[in-house]
């Protein structure tokens, strides 16, 4: 038993380190927001949901009483996600500020409040912990579907520019650490969601290996060719901590002069053909 506890501590520490590093991934995005003095074009929902997730796992860990390493990393996540939200809100347009405020009320005030008051006053502490654990696990499993969007985009565009390899590696490592942490504590609410996180992490790395040397070509989707656009990838890791990443990609500009040259060439060819016929 002591051996299991010690190994759980080791995996918990490693999970804290990996999750701490990945939680800092959005910092370059917010540096750009600071430089541009606007958060227009970005979304606040990943950070609001991440804050909600961290609050849930802290509440669960406090009731569980033997998951201190869950408390440490998610406490850090509460601070860093709050920082992200404050910066976003400060530099956001009025419309985005209202959207962010509504999301905070929905998830962090009413959502968390409803879960707290519906579970905290249950007389049986075991049932309370079990229900809260199911809520945390269900929420984590739902949000773990988020990487499907980026996987689809990589396959469709045959480009890995939307999927940083380093992040995929760290997400996979984090899933492994927290899976074994939950397994050694015999807590399936922690372990099970990270199985899905591990699978998606492996899929991302496989796709990266397949398409990393694939020749770049223009995206076939006409919607992506009409104007410059931003591709926002939100990877939310909820098995034990919360991760958000935003990657901006600018699509090709159709007004680069090629269309004018092509039209001119067609016009010249038609004139030449008509002269030959005369």
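Each residue, glycine too, has its Cβ placed from N, Cα and C.
Taken from TrEMBL, the feature transmembrane segment applies to 6-33 (among others).
For 45-62 (among others), the entry in TrEMBL reads transmembrane segment.
According to TrEMBL, the transmembrane segment annotation covers 68-91 (among others).
Residues 44-45, 48-49, 51-52, 55-56, 59, 85, 128, 131-132, 135 of the same chain, all 6+ positions outside the transmembrane segment (103-121), place their C-beta atoms under 8 angstroms from a C-beta of that stretch. Among the features that TrEMBL reports, transmembrane segment is placed at 103-121 (among others).
Feature annotation from TrEMBL assigns transmembrane segment to 127-150 (among others).
Residues or ranges marked as transmembrane segment by TrEMBL: 162-184 (among others).
Per TrEMBL, transmembrane segment is recorded for 190-211 (among others). Among residues of the same chain six or more beyond the transmembrane segment (190-211), those with a C-beta under 8 A of the stretch's C-beta atoms are 67, 70, 137, 140-141, 144, 147-148, 150-151, 154-155, 158-160, 163, 165, 168-169, 171-172, 174-176, 178-183, 237-240.
Annotation source TrEMBL lists region 'Disordered' at 251-278.
Feature annotation from TrEMBL assigns compositional bias 'Polar residues' to 253-278.
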